[in-house]
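> Structure below; questions to follow.
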């Protein structure tokens, strides 16, 4: 099956639709543990980027810290290549640049504006905030190329300063935000907006497929301009976006095995996208009850369980648009060289309704092909 999926990458696609292979790097957790910085890294709040402030094709993906999948794009004329995180939780595009001289920038591919005949500067600086750190950028315009898609006069950030923690250790160079314009730098079109306005997509849709057995060279695919029926079976379950900032949907109920928890219901919203964990409960009470139900204990490696108990652990159920989407323990428990941990992390993310806000990340999305419909403001699962 692996070779069949890889072979699909070679198929000719329709005009206006590209397949971008995704790569999966070593997990951030492994990298931080190697450098003796895991504890300090975990003290950061991964949901911080969801707290808004004013400063703020088929493509292969790669996985990182059990968190990130990334693929290649190009910027400039002639093109300069970068590995970027395809991020549905942010809306800005940025890459390291030669303006930045920190060790984090020097370790990565850097955009050199002097080498691009199509570059024009804006002389506007911003600070961009993410769950794993902040960086400062200056803005410019240039051509962005993704496979056979060409987006001209695209605004993007050129990094001025990137702190070593964690940017030095990241396997990808920059970030390509795919959320709504409402959380982008004001006054400039996002890459997704320009793709649509410049008629670069066959349909106003992008979709993600994650391999259940990812490697660095093949972690899955992001498809710009459509979806691939060969990567899923059955009907697509659609959920409307409830707020056009992040790809936020409502979940009616969350169940551990056959028992409903009461943690779902009206007002419980979940951003969906390629992230490290399948949910991050807003309340410590939820996470404590969840871990107790699974028999998990906090450890230096995360929320650990006995690997021999995984087959008998309960299946989790997410009620979305009237259907139950199961997540078996073989999916939500990560086995790293005989150390088994639950793919969950806790954070505080504010919400206008005061109801819990969770993130359905790549643990969930390895189980379900996900489709982001920009025209109809809805998310599909299959």
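Backbone N, Cα and C atoms are what each Cβ position is placed from, and that goes for glycine too.
In case it's useful when we look at the structure, here is the feature table from TrEMBL:
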| type | residues | note |
| --- | --- | --- |
| SIGNAL | 1-16 | signal peptide |
| DOMAIN | 69-382 | domain 'Peptidase A1' |
| DISULFID | 100-105 | disulfide bond |
| DISULFID | 307-340 | disulfide bond |
> Do you know the mean pLDDT across the domain 'Peptidase A1' (69-382)?
88
> Counting across all protein chains shown, how many other Cβ atoms sit within 10 Å of the Cβ of residue 105 (disulfide bond)?
24
> Counting other Cβ atoms within 10 Å of each residue's Cβ, which of the disulfide-bonded residues 100, 307, 340 comes out lowest?
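So among 100, 307, 340, the disulfide-bonded residues given, the one with the fewest Cβ atoms within 10 Å is 307.
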> What whole-number Å value do you get for the CA-CA distance of residue 307 (disulfide bond) and residue 105 (disulfide bond)?
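That comes out at 39 Å between the alpha carbons.
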> In angstrom units, rounded to an integer, how far apart are the Cα atoms of residue 340 (disulfide bond) and residue 100 (disulfide bond)?
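That comes out at 39 Å between the alpha carbons.
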